[in-house]
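**Student:** Feature list, courtesy of TrEMBL:
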| type | residues | note |
| --- | --- | --- |
| BINDING | A:60, A:62, A:140, A:210 | Zn(2+) 1 binding site |
| BINDING | A:64, A:65, A:210, A:268 | Zn(2+) 2 binding site |
| ACT_SITE | A:64 | active site, proton acceptor |
């Protein structure tokens, strides 16, 4: 699982900071999460192949999370994209994008599917053999969802030598990986666990931006491998966090602790701060696990 | 008169090229012309003070000319702007911007005025004591206007020594600058032209993007000081220019020649070209006046 930070600052794009956008590589998918202004240039800078992006998830309709979407959709058209594109986001997103297409008299030459979200309960919005994506209802000024990306358990690992020693025909190897017990060439039942190892633990990634401190998400994100939780402010500005429904680094860390996550990634920093290390230090006072600071262009590998 | 090129490429923003946006400083105004994605960052890079931008002119509703507008309007709000903002552009622009504000539940804390354009004839859309702005109907795939910015003639220049020698009371100097003849302290009529010089020739700037080759604009832009005319293609790709309703460098030069402009600025290059000098060379085969190539970050002074 690989996470590329395209933008991790709040509010306005500036010369060296970008609004929210991330790319999650998971099980051969390239998921784009949020798409602030300038995201298409950030994709180019970070050498993400446009054609590999087939699913875009938009948390909410504040501009710093989606103003780059319409341009990206247009660019895909200009580059004569053929692959389908699926966009998941709050109701209203389809209207705003299609209005702009209509005014430009420019329609996509690829299939563009909108999956508009309205539920206030967690729901599965994408699923295939390898991954499942569901929403994490967040507490922000407008309707907002985080997203939970979960690998499905993979196949068991065959211990090849043990299987051959047990005189099992190769034709059964597939069944073994899938967890079945099998009969060997001597007609003896071989227990699956004797010749296989458990599959690697499935990875999971929870993206939570933007949100006030909200313990209701804890059961949803319980024990995820990686949690990205917004930390717009430091504790000294908690008074600003409350009315704007954002979180402090300390609050993000408290959620990480309660949810017992593996790694906490901080981001969505207010542009008032120059020193991002202060966010990490503050979070460390609460959460003793791994803490990383999102930075534009940073790539995190979670293996 | 000062022209700052924020973006001068067509179609899609890339790492080192930007879609159309320009700033025209004229008679103490800072006019923003078109506003492709990333314009607000380009404004920052070029140190244009946000608060000085009070009028934005949008030529047409293709994304590479206005996808940066909604973000700029939002950023003005976040920076607690107080100054009025006037936006001039095709009908539909107000709907698309206000829809996005509604979805974000984020309304401007400054006065935002839309001046929607529908006329297919040239019309004056802004005027004050110092400048006049009118539309230049262009021939593109959707409704498109260029814009003509004209300084109004200034006051005559007083030849101070001559006026004093002519024994004119200082109280009359204002009248002299305005062009009147006056009576001197000896009761003698002094002709204005004896003690003043004509005002400097008013400058004018015509912005013409995007457009097919269109001689109908020649009388409108006749003898302008500076013409920006799109040159999306070189002549070798004229076959692409026609159906997309764009121009070649040679066609832009032909318009400049017919309109007898002072300076021709080329831009809106297709991103297929690496060598922009070819545009200049091609235009020089037709137009013998001053030719400049728009480039991101370039500032032209026209005095």
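Residue 1 is the first one shown; counting continues down the chain.
Using N, Cα and C of the backbone, Cβ positions are placed for all residues, glycine too.
TrEMBL entries are annotated by machine, without manual review.
Note that the structure is predicted; figures quoted are calculated from it, not measured.
Could you place the listed features in the three-dimensional structure?
**Tutor:** If you take the C-beta of residue A:60 (Zn(2+) 1 binding site) and look for same-chain residues 6 or more apart in sequence within under 8 angstroms, you find A:66, A:89, A:90, A:138, A:140, A:142, A:143, A:144, A:145, A:210.
Under DSSP, residue A:210 (Zn(2+) 1 binding site) is assigned to coil, being neither helix nor strand in the three-state scheme.
Sequence-distant neighbours of residue A:64 (Zn(2+) 2 binding site) (same chain, 6+ apart, CB under 8 A from its CB) are A:10, A:11, A:12, A:13, A:19, A:20, A:36, A:37. Classification of residue A:64 (Zn(2+) 2 binding site) by DSSP places it within a helix.
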**Student:** Taking the centroid of the Cβ atoms of A:64, A:65, A:210, A:268 (Zn(2+) 2 site), which other same-chain residues have Cβ within 8 Å of it?
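**Tutor:** The surrounding set, listed in chain order, is A:10, A:11, A:19, A:20, A:34, A:36, A:59, A:60, A:62, A:209, A:230.
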**Student:** Centre the Cβ atoms of A:60, A:62, A:140, A:210, go out 8 Å, and tell me which other residues of that chain have a Cβ in range of the Zn(2+) 1 site.
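**Tutor:** Counting only non-site residues, the set is A:59, A:61, A:65, A:138, A:141, A:142, A:144, A:209, A:211, A:245.
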**Student:** Measuring Cα to Cα, how many Å separate residue A:268 (Zn(2+) 2 binding site) from residue A:62 (Zn(2+) 1 binding site)?
**Tutor:** 13
**Student:** Provide the list of binding-site residues among A:62, A:65, A:140, A:210, A:268 whose C-beta sits under 8 Å from chain B at the C-beta level, in sequence order; use 'none' for an empty result.
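**Tutor:** Near chain B: A:62.
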**Student:** Drop a 10 Å sphere on every Cβ of the binding-site residues A:62, A:65, A:140, A:268 and tell me which sphere holds the fewest other Cβ atoms.
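**Tutor:** Among the binding-site residues A:62, A:65, A:140, A:268, the sparsest Cβ neighbourhood within 10 Å belongs to A:140.
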**Student:** Using a 10 Å radius around its CB, how many other CB atoms surround residue A:210 (Zn(2+) 1 binding site)?
**Tutor:** 26
